[in-house]
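The transmembrane segment annotation in TrEMBL covers 43-65, 85-104, 116-134, 200-221, 233-252, 264-285, 306-322, 328-345.
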Amino acid sequence: MLFGTIVGSLADKQGRRRACVTYCITYILSCITKHSPQYRVLMIGRVLGGIATSLLFSSFESWLVAEHNKRGFEQQWLSLTFSKAIFLGNGLVAILAGLFGNFLVDTFQLGPVAPFDAAACFLAIGMAVILSSWTENYGDPSENKDLLAQFKGAAVAIASDEKIALLGAIQSLFEGSMYTFVFLWTPALSPNDEEIPHGFIFATFMLASMLGSSIASRLMARSSPRVESYMQIVFLVSSVSLMLPIVTSFLIAPSKVKGGGGISFSGCLQMLGFCTFEACVGIFWPSIMKMRSQYIPEEARSTIMNFFRIPLNIFVCIVLYNVNAFPITVMFGMCSIFLVVASILQRRLLVIAEKPKTEIWAMKERDNEAEPLNI
């Protein structure tokens with residue numbers, strides 16, 4: 001939140017390609033720090049990781065949208081690229097990376113740091129591809145605009161355009177619920193420290209996410225329904241899916257036996273809801289990318305996208321700090337409420353987005369009515 005917002009926002013002025021290279025270098029350094037047993041060194045690694053994450057979630061998308069528009073490609077292709085990136089990157093590659101990391105640790109007995117070393121190698125390859133094949137693009141190329149002026153410009157854009165403000169609120173509410181879910185699913189499925197197959201469950205979640213991104217690509221390929229329209233339903237479905245742990249806690253008596261056994265019957269029901277939520281996550285990512293490409297101005301794209309992450313990071317920090325203060329059902333209930341609010345805000349965004357079209361049609365009707373009078 002602190003360092004990433006500043007560094008990520010520099011991408012608009014210093015260049016998105018350069019920011020992507022900085023991401024690779026920063027995360028390679030973060031991976032290297034894992035070899036140290038010193039707490040201070042490990043803490044520096046987390047700071048570097050935080051900066052890299054902000055660059056990952058803003059610079060690559062900003063570079064892609066700018067390059068796509070610069071080359072004059074069809075707008076529809078952008079939606080397909082986003083859905084493929086989520087299907088292959090967040091889904092298939094995530095599964096393969098998890099299996100490969102497990103292979104390095106368990107089969108080759110290379111120790112718990114081996115996956116970080118492998119990640120550093122892949123980052124180096126990615127950096128070589130960026131340096132050799134990408135062209136540079138910028139947000140606002142004006143030389144006299146300092147970082148503070150950039151922040152002010154982004155804040156004014158968010159405050160003056162309700163569509164951008166709504167998009168930021170929707171993103172923070174959904175991603176906040178998603179990151180909270182990441183910390184809650186393990187204790188939800190094994191409340192008594194049952195032996196559950198974490199790797200298999202994670203792979204199942206990723207498959208559900210891939211299914212969601214595949215559905216999103218088909219929805220975005222059509223002119224109707226609009227992204228703003230179907231996302232209302234997605235948020236409501238995701239809200240209901242996270243209500244399952246609360247429902248099962250009331251309907252099925254929890255087991256008191258510590259350890260032993262595998263996943264319980266209530267755990268199986270929750271697993272169904274969690275897979276549904278992950279499918280919604282798969283639909284969410286390409287859809288929010290599509291809306292960001294439509295509504296966020298090009299000159300401050302990275303800065304605004306990093307602004308969106310400030311409330312998200314604050315929310316996740318508060319949740320993690322108080323995670324033991326509330327029962328797990330309360331946490332899931334809170335996430336469900338946030339997702340309902342996201343659906344309401346999405347409805348508002350749809351109404352605002354359709355306003356210009358309604359006004360144009362009204363003007364055309366007035367013109368048509370006026371024509372006979374002119375004759």
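Cβ coordinates are placed from backbone N, Cα and C, and glycine is handled just like the others.
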Handout entry: Stretch among 43-65, 85-104, 233-252, 264-285, 306-322 sharing the most Cβ pairs under 8 Å with the transmembrane segment (328-345)
Key = 233-252
Practice task
Kindly say whether the transmembrane segment (200-221) and the transmembrane segment (264-285) touch, using the definition of 3 or more Cβ pairs under 8 Å where each pair is 6 or more positions apart.
Solution key: yes
Completion exercise
Among 43-65, 233-252, 264-285, 306-322, the most Cβ pairs under 8 Å with the transmembrane segment (85-104) come from 264-285
Handout entry: Residue numbers, six or more beyond the limits of the transmembrane segment (264-285), whose CB comes under 8 Å of its CB atoms
Key = 82, 86-87, 90-91, 174, 178, 181, 185, 188-190, 194, 196, 201, 204-206, 208-216, 219, 231, 234-235, 237-238, 240-245, 248-249, 252, 254-255
Handout entry: Same-chain residues at least 6 beyond the ends of the transmembrane segment (306-322) whose Cβ lies under 8 Å from its Cβ atoms
Key = 1, 4-5, 8-9, 54, 57-58, 151, 154-155, 158, 167-168, 171-172, 175-176, 179-180, 183, 331
